[in-house]
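A.B. asks: Attaching a single structure in structure tokens format; questions to follow.
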Amino acid sequence: MKIEMEKLIAHLKAQGFIFQGSEIYGGLANSWDYGPLGAEIKAKLKKLWWGFFVKKNPHNLGLDSSIILNSKVWEASGHLRNFNDPLIDCKECKSRWRADKLIEEKFPELNVGGWTNQQLEEFITAKKILCPKCQKQSFTNIRQFALMFKTNQGVVEDEGSVVYLRPETAQGIFAQYKNCQRAMRKKLPFGIGQIGKSFRNEITPGNFIFRTREFEQMELEFFFAPSDNFDWFEYWLNQVQTFLKDVLKIHPNNFLVREHNKEELAHYAKRTVDIEFKYPFGTGELWGIAHRGDFDLSQHQKFSAQDLTYLDPNTNERYLPYVIEPSVGVERLMLAIFCQAYTEEAVENGERVVMKLPNNLVPYQVAVFPLQKQQNAAAEQLYEELLVDFDAVLDVTGNIGKRYRRQDAIGTPLCVTIDFDTETEKTVTVRDRDTMKQVKVALSELKNYLTTKL
Ligand code: ATP
């Protein structure tokens, strides 16, 4: 089903998933806050990633490094020199655009990642690409726009106090690679995973939470010996797809795997593959998997003058490990999950909106209702009992039909109703979100029943 972004955004706001940032002050462009239900899903998503890529993977460790690092890190990584986007201004209406994205929007089959500014400018002129705002073709030359947020640390604002908000979490991992390896006495191959905020002063943020200036990343840097014959790239590419399909239940028809061609590859990358999701506004990068060789560690070794080599206990050789990096944005992944889950269905008396979220991501696993006011106390007691083992919610307002709709709209898989039979028969009615079927379940069996269903 093709969904409309406007409808999805309105739904997520009304139900308490995502609000516009600073809304009472008229908002702050392209900033979004996660409401009670969105925050719950975000926390669950991060926990699932951490479980799969860090805790349950026999090779990997976790890390939580700082957002503000020594600026030398960004000098070494190349971000200070190269982390720019091609900015182009419309002379007529003064709007600003990313030149590469202007082209890719008109020619989605093209990938202009490796093009020079001159190539981009010539293409825009030759193909008569217009300003999306005023429909004129009157552009300035392209300039490089630095994407890192710059600020000062401490009381003196001079060149020496300049620091940056990290544009990726990866460099914090490289900077602590040696400490992690030594402290944990790790042998290659091993990986370090990290989840945290990143900041990019994007020229054209947009498409809701797809591209924002403040976002969270979940990144893994996997280190291995250059002589290792095992294909770690394929391994991580498969792991990412397994996580998407089996853990998050993303349907394989909803994403595609795109190999970067030679022109597009960053100069240090040996291979890059993007997993792209089919968002309602077009196909876009969800997860990048890159073979970074020993680029980052060798740069940090050079700039820090520290020995970052690994002494191989088997061969007694010293070398810098190679790195595979699977990197994903939390919000982009959430957007993919929301787009897949949002469903409008015709039902007997009208239409319902159902968030068909997987059970491991729902804000609430089970809702408890009293059928009528007389059953309020029993419902409250059952709710408190269920809270011990489940993410439960109690709803006592409105008629039962409305309560079902409310739970459908937020994705609650099961609703338990205390009804007339509960007192005499010791049973409750359990209703399934997707099939809308209802079954009677003995109170004594309820916890088991819910556990098998969830
Ligand atoms: P794009 O081409 O879309 O700008 P990128 O190639 O610069 O993305 P990476 O640097 O590879 O992205 O970042 C890794 C992941 O972080 C991306 O796959 C994406 O999921 C996420 N990400 C990057 N930039 C943003 C952003 N501005 N807002 C939200 N998520 C982002």
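Quick reminder: no glycine exception, Cβ is built from N, Cα and C everywhere.
According to TrEMBL:
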type	residues	note
BINDING	ARG98, GLU168, PHE215, GLU216, GLN217, MET218, GLU219, GLU325, PRO326, SER327, VAL328, GLY329	substrate binding site
DOMAIN	132-363	domain 'Aminoacyl-transfer RNA synthetases class-II family profile'
BINDING	200-202, 210-215, 285-286, 329-332	ATP binding site
A.B. asks: Provide, as an integer number of angstrom, the distance between the C-alpha atoms of GLN217 (substrate binding site) and ARG200 (ATP binding site).
C.D. replies: 12
A.B. asks: Within 10 angstroms of the C-beta of PRO326 (substrate binding site), what count of other C-beta atoms is obtained when all protein chains are considered?
C.D. replies: 24
A.B. asks: Calculate the per-residue pLDDT averaged over the domain 'Aminoacyl-transfer RNA synthetases class-II family profile' (132-363) and state the result as an integer.
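C.D. replies: A mean pLDDT of 96 is what the predicted model shows over the domain 'Aminoacyl-transfer RNA synthetases class-II family profile' (132-363).
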A.B. asks: Among GLN217, GLU219, PRO326, VAL330, which binding-site residues lie by ligand 1, judged by Cβ under 6 Å to any atom?
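C.D. replies: The qualifying binding-site residues are GLN217.
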A.B. asks: Using VAL330 (ATP binding site) as the reference point, find which of the binding-site residues ARG98, PHE215, GLU219 has the shortest Cα-to-Cα distance to it.
C.D. replies: PHE215
A.B. asks: Going by DSSP, is LEU286 (ATP binding site) sitting in a helix, a strand, or coil?
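C.D. replies: Its secondary structure by DSSP: strand.
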A.B. asks: In the three-state scheme derived from DSSP, which category covers ARG98 (substrate binding site)?
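C.D. replies: Where ARG98 (substrate binding site) sits, the three-state DSSP reduction gives strand.
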A.B. asks: Near GLU202 (ATP binding site) in space, meaning Cα within 10 angstroms, which of the binding-site residues do we find among ARG98, GLU219, PRO326?
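C.D. replies: So the list reads ARG98.
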A.B. asks: Looking at the binding-site residues listed here (ARG98, GLU219, PRO326), whose Cα lies nearest to that of ARG211 (ATP binding site)?
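C.D. replies: Nearest in space to ARG211 (ATP binding site), counting only the binding-site residues, is ARG98.
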A.B. asks: Which of the binding-site residues ARG98, PHE215, GLU219 has its Cα nearest to the Cα of ARG332 (ATP binding site)?
C.D. replies: PHE215
A.B. asks: Helix, strand or coil by DSSP: which one applies to PRO326 (substrate binding site)?
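C.D. replies: SS state of PRO326 (substrate binding site) = strand.
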A.B. asks: Could you state the whole-number distance in Å separating the C-alpha atoms of ARG98 (substrate binding site) and ARG200 (ATP binding site)?
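C.D. replies: ARG98 (substrate binding site) to ARG200 (ATP binding site), Cα-Cα distance: 14 Å.
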A.B. asks: So which binding-site residues out of PHE215, GLU219, PRO326, VAL328 end up within 10 angstroms of ARG200 (ATP binding site), measuring C-alpha to C-alpha?
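C.D. replies: Cα within 10 Å of ARG200 (ATP binding site): PHE215.
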A.B. asks: Could you check which of these binding-site residues, PHE215, GLU219, PRO326, VAL328, sit within 10 Å of LEU286 (ATP binding site), going Cα to Cα?
C.D. replies: VAL328
A.B. asks: Of the residues named as substrate binders, ARG98, GLU168, PHE215, GLU216, GLN217, MET218, GLU219, GLU325, PRO326, SER327, VAL328, GLY329, how far apart in Å are the Cα atoms of the most distant pair?
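C.D. replies: The two farthest binding residues have Cα atoms 26 Å apart.
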